[in-house]
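Quick look at what TrEMBL lists:
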ACT_SITE  His117  active site, pros-phosphohistidine intermediate
BINDING   Lys10, Phe59, Arg87, Thr93, Arg104, Asn114  ATP binding site
DOMAIN    2-136  domain 'Nucleoside diphosphate kinase-like'
Amino acid sequence: MTSRTLVLLKPDAVRRGLIGEIISRIERKAGWTISALEMRSLDQDTLEQHYGEHKGKPFYEPLVEFMASGPVVALVVEGERVIEGLRALAGPTDPIAAAPGSIRGDYGVIVRENLVHASDSEESAERELKIFFPGRF
Ligand code: CMP
């Protein structure tokens with residue numbers, strides 16, 4: 001099924017010079033298209049909207065601080081099975097549990113600094129696209 005998803009290259013990925021590497025992996029997948037891309041710094045309001053479901057959890061405040069620590073790259077990716085596909089390409093939240101070959105498995109060690117965000121469902125994707133690309137999706 002064709003769908004679309006929001007991907008964020010988190011501040012650690014940008015700082016470490018992994019933008020090109022990660023985008024290349026996405027572009028190599030047959031049938032996936034990057035339909036929007038923007039580098040930007042995230043303000044508190046945007047982060048609160050995006051991570052609202054985690055508010056109150058012990059990792060929430062450090063997560064928001066980390067996500068505001070430098071620019072991110074936000075992408076909209078469209079294509080066949082792209083939501084589950086990008087979650088697989090990213091690997092599980094904890095990079096140590098992520099298989100080699102996945103983005104987190106190849107480049108990550110720290111749970112918070114896990115390089116990428118990818119929407120976890122169609123509902124999340126539609127909600128997140130409106131936060132990051134208002135009026136466009
Ligand atoms: P992601 O799954 O993209 O969205 C929620 C983020 O919160 C997650 O990536 C991590 O960056 C962070 N996170 C989730 N669980 C923890 C945790 N236990 N400790 C620190 N950070 C976490």
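Placement of Cβ uses the backbone N, Cα and C atoms for every residue, glycine included.
Since the structure is predicted, the reported quantities are computational estimates derived from the model, not experimental observations.
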Going by DSSP, how much of the domain 'Nucleoside diphosphate kinase-like' (2-136) is helix, how much is strand and how much is coil, in residues? 61 helix, 30 strand, 44 coil
Output the one of Thr93, Asn114 that, of all these binding-site residues, has the highest number of other Cβ atoms within 10 Å of its Cβ. Asn114
Listed recorded positions with Cβ under 6 Å from ligand 1, out of Arg87, Arg104, His117: His117
Which one of these recorded positions, Phe59, Arg87, His117, has the sparsest Cβ neighbourhood, judged by other Cβ atoms within 10 angstroms? Phe59
Whole-number Å value for how far His117 (active site, pros-phosphohistidine intermediate) lies from Thr93 (ATP binding site) (Cα to Cα): 9
Cα of Lys10 (ATP binding site) to Cα of the residue listed as 'active site, pros-phosphohistidine intermediate': how many Å, rounded? 7
